[in-house]
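Reading through the structure tokens given below for one structure.
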Amino acid sequence: MATYAAFKHVELYNVGKAKKRVLRAPGGGSSDIFGSDMPQTPRNVKNRMASNIFSADKDAAQKNNVRQGAHRFYFIGDAPRRGQKPVDSYSRLFGEPARPITPGKNHMKSSIPFGQNTNAAQQLLANNKGKYNGKSGSVSSASSSVSSSTENLKINVGNRSDGNPVTGEGYKAGGNDYIQPTAAMNGGNQVINKNRVPPGGYSSGLW
């Protein structure tokens, strides 16, 4: 038969001491039930909401290399650099092919001529051989469009005479040709009504 000392409960030796409480879930820092000092290492919890756009993880290079496949010869921990030219077997054996240097196009520069430099604008239009505003080689700028519109107004004002702008009655058809009023039916005199009411009345917003 076993002695009583062999079956003593562990709590009998800790009668005068305060009970250790579990402050965290099992597996946490203070769940040591045997009283030995465990090394206090902080738990590595990954924040799922954190963005890693600007700084890569420690394991990102290793995961990236594994994901890219075995045909890419990277050492583990060697991340491929952004903007690095791909190295193929031809360039490794024979070197880079000599390419002619072409100047880069300035995409932010406008091709619309502005300002007082009309000679350069006309030269540009002559090179393009296009028609702008119905005239070949004309400068498409704010000042020229304003002057051409006022010129057109002067021409149109000179050709106008008294008449109805909606129906066209009373305008000159040609040089001195007037629209002749037709004789009234049944041989009576034609009555010219000068007080005409426009279609829809005066309150229609057109007059």
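Glycine is no exception: its Cβ is also placed from the backbone N, Cα and C atoms.
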**Prompt:** Per Swiss-Prot, which of 28-47, 88-107, 188-207 is region 'Disordered'?
**Reply:** 188-207
**Message:** Check the DSSP secondary structure of S111 (phosphoserine), expressed as helix, strand or coil.
**Reply:** coil
**Request:** Look up T102 (phosphothreonine) in the DSSP assignment and report helix, strand or coil.
**Result:** coil
**Prompt:** Where T102 (phosphothreonine) and S111 (phosphoserine) are concerned, what is their Cα separation in Å, rounded?
**Reply:** 20
